[in-house]
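The feature transmembrane segment is assigned by TrEMBL to 33-52, 96-115, 127-151, 326-343, 372-393, 472-489. Residues annotated as region 'Disordered' in TrEMBL: 551-626. As annotated by TrEMBL, compositional bias 'Polar residues' applies to 563-576. Annotation comment: TrEMBL describes 578-603 as compositional bias 'Basic and acidic residues'.
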Amino acid sequence: MSAAALAVVVVVVFFLALYLLQRYGDLRRQQRMVLLGTLLSWYLCFLIVFILPLDVSTTIYKQCILDNGNQPSPSYARSGAFSRVGRIKTALIENAIYYGTYLLIFISLLIYVAAHPQWQLSWRQLQTIGITAANTWGLFLLVLLLGYGLVEIPRSYWLLSSYDYLLAKTYFKAAKVATEKASAEENLADVMEEVAGVHEAIRFNHGLRKCVDTIIGKCPAEYQEELVRNAESSRGEQNVLPTKGGLFKLHKKVISAVQRQGQTLVQWSILLEQAFHLEDVAKSQSSPLRHFTHSFPSEQNHGWVRRFIYTPTVEWYWECVCRQGFYRLLAVLLCLLSAAVVWSECTFFSTHPVLSLFAVFVQLAEKHHNYICIEMACFVSILFLCFCVYSTVFRIRVFNYYYLVPHHQTDAYSLQFSGMLFCRLTPPLCLNFLGLIHMDSAISHQDRIQTSYTSIMGSMSVLYFISDGFYIYYPMLVLLLCFATYYSLGSRCLNLLGFHQYITDDHLTSDLVDEGKEHIRRERRKRQKAEDGENRRWAWRDRYGAQEGAGRSRAGYTEINDDQSSPVTETKNSVITFRRDGEEEDEQHRSLLRDHYSDEGSPNRRSTGGRYLSLSPSRAGIFDDV
């Protein structure tokens, strides 16, 4: 194994794991033990996967020479206890049920081996039984996730070439997220009412006041200010004192409600940006100018990349010309890889003749002693397997308990649970890959040097009904899971149970698409009004800056056409707020254009063809605090 290649792999994998942790976690706010445990689990899993091709080529090289001569528990992070001992106690209770399944499998295998007359238990065999129990559970999950990813990954990239599909699905998601956002805000308000009651009941001289202060510290800033004001206005009221157990539950509810509300806000903003971008693409495709136009150019990143490389012309050619063909070609390549994996999973037990395509490629390169081709073939193969499995881990959602949300919004429980899933899936994934290329002696039944991985992890040849039965025939179920995923049987079942999924031939999906489209249209109008108002504000500052500095003695007028969307035509006594980078916080929000609907004393107003809005400082005092 090349030391240089190993060093490059170690460094690259570390930064890959660190990037994913920075994208999904919050490095500044979350607990250091949570971040360290998640980073360690992701890093080790990725490292094993990336080193395995080097291990395979090294083992084949040695064979040719011979022939020629635990991390912290998620329940700990989600516990509502205020002390470390309390969190550990809660985690032990909740994990006893989860890890009981592993213990049950281990005891069953132990009894089977002990009752067999030809076997004598040794420490090595006990170690193999423990690894087998873990890999059996991991293989069960692996086949489920792999069967979904082998179909969904190529199909998703094919559908990425269709803007109509993407826009309709974005509208569908917007309708669902809008409902979730409203529910999260309502739940947070209810929890804050409970916190307010506890805050009023437990005074500062009470023994549980420290726990209450901890709970209040987890609340949003605006609710904390409101709690202080309400406490000052209700000094004489008496409330029922809560117990310490009640405070534990309330603490847990506050953490969950605040986290959920933040997640829905981030998801909503992401969906808005996606919908606006897809609508801009649809407009640019029908435009005769080969120039991509954004609806809100002020919100785009105007860095040197967009100024010199990814210009509006380059963006137009990518979005309107090249993107569709690129994603369809990528989808075809991924589909071929998926077909090769499915075929190999169903035939890798056959060694004479060799039917597994991956084993054929590796053995062909082995005959020519081409170790670089062996490493590349193994790297591409296991990388695709990992992509199908791990991307599914990042996509799945178990209600609100497990969900990986980007932009630093993933809670500690989901981060640690994902790390546990990676640790459960990586060993059986590697063993399955070694079986596909016939490098596992338990599958190929060949007398050859073991890889470093199997020499450390052990072989399941001790348990024949596992190595010759479950381990060989269970992966064939991936074919049935691929058919189920292709026909969206899982999504249809969830839809029948009330968990709405995007299904193109369902009438409820069409209703949600229309609802989401209305939400996006409403948000677009709000942003357009805000941007128009900001542009008008800067126009006023450029035109009348000198008059404002001279004493604001002159009235200014601006003409607004009837066909222009203006924020001043919507609401009486409207207040328009603007923001500018570099200004102080107290100078960012100013009131403009007040009382423009008042008919009395408005001689400078027109009603047709265009209207003049009086901005006289003597009437509205519009520049009094600018």
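Just so it is clear, glycine is given a Cβ too, placed from its N, Cα and C backbone atoms.
Because TrEMBL annotations are produced automatically, they should be read as predictions rather than curated entries.
Here the listed stretches are 326-343, 372-393, 472-489, and the one with the most C-beta pairs under 8 angstroms to the transmembrane segment (33-52) is 372-393. Same-chain neighbours of the transmembrane segment (326-343): 146, 150-151, 153-155, 157-158, 160-161, 355-358, 384-385, 388, 478-479, 482, counting only residues six or more beyond its ends whose CB sits under 8 Å from a CB of the stretch. Contact between the transmembrane segment (372-393) and the transmembrane segment (127-151) is present: at least three CB pairs lie under 8 Å, with pairs separated by 6 or more positions in sequence.
Residues 139-140, 143-144, 146-148, 150-152, 155, 338, 341-342, 345-346, 348-349, 432, 443, 501, 503 of the same chain, all 6+ positions outside the transmembrane segment (472-489), place their C-beta atoms under 8 angstroms from a C-beta of that stretch.
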